[in-house]
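Scroll down for the structure; my scribbles are underneath it.
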């Protein structure tokens, strides 16, 4: 079956010489077409080959969280599919969940280009996209059309971000409007106050600013849908502890750790080839390997602070089985990937899932849930 994967890789997962954003847009449009015409030829055949090549199932990886069934713990992180154009196809790539967005109440074009870069020396990405998206209303329409064609096969989350034009003091109503437009079309929702690419957004992580947002969403959430919070890796331990306490107060379903980092410490890349500027002068968040250790440290801290009572989705620097296992044993029940998937290719998901089953057998564990947080037990 992997004979199909070889030609698909250079088509869908671009070479290091290509324009990252242009190639990304091409891929999303291609996947959208395959999903829309999934019952026609050749799209039906292509989809069957994708599923045969990249999917892996084992009952030892199945978990139930928030009343949702996750066939495996490995998900697609927010940022890859901002407008939900591939929402119906991510399960075919073997993912156990997919998070769409970030989406804002108001449509916005994002920051000027170029704004998406790869740092191959560091196995990292640099992005300053600025939450470019078509807005919550359009995303709701897209998802309604997608779910009318076929039911979703994996849990779908939506990452909610503040619109750039909305003043910080009106952030709560902005998040609520997005949630109100989208609440019928996804399985869980994420409050994103940690992107470094929306001016002032990270200020909303402070307790005084975050509490009104969580309170407003809590009031709006009559159906008690899972609400999670995505946090920055650049917070200090005191701020993290405050956020954990707020998560308990407002009964958040979980915490996603972490978003991208503004730190440039330890990077091998000194100059960004696309601009010729010193990497330290370039705005944006770093993803991938440089984020790996810090995100795992934060996962472990949250797990300890909550005694494992608040589920954690771990994201940041996952490329291999060992990367995934480290985050699970630190306390993550679910995982998300983005940069690692770009560098390693679409078979990364299957390889990691097969490896997790082998790890469970080696450790004498009968189910993945038994591995969550065992580094601290």
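Glycine is treated like the rest: Cβ placed from N, Cα and C.
Under the heading active site, nucleophile, Swiss-Prot lists 195. Same-chain residues at least 6 positions away in sequence with a Cβ under 8 Å from that of residue 195 (active site, nucleophile) are, in sequence order, 102, 131, 161, 201, 202, 259, 260, 285. In the three-state DSSP scheme, residue 195 (active site, nucleophile) falls into the coil class.
A C-beta separation below 8 Å, combined with a sequence spacing of at least six in one chain, links residue 82 (FMN binding site) to 100, 101, 102, 103, 131, 132, 133. Among the features that Swiss-Prot reports, FMN binding site is placed at 78, 79, 80, 81, 82, 102, 159, 192, 230, 258, 288, 317, 338, 339, with the record citing sequence analysis.
Annotated substrate binding site per Swiss-Prot: 82, 127, 128, 129, 130, 192, 197, 259, 260, in sequence order.
Cβ neighbours within 10 Å of residue 128 (substrate binding site), excluding its own Cβ and spanning all shown chains: 20.
Rounded to the nearest whole angstrom, the C-alpha distance between residue 128 (substrate binding site) and residue 80 (FMN binding site) is 13.
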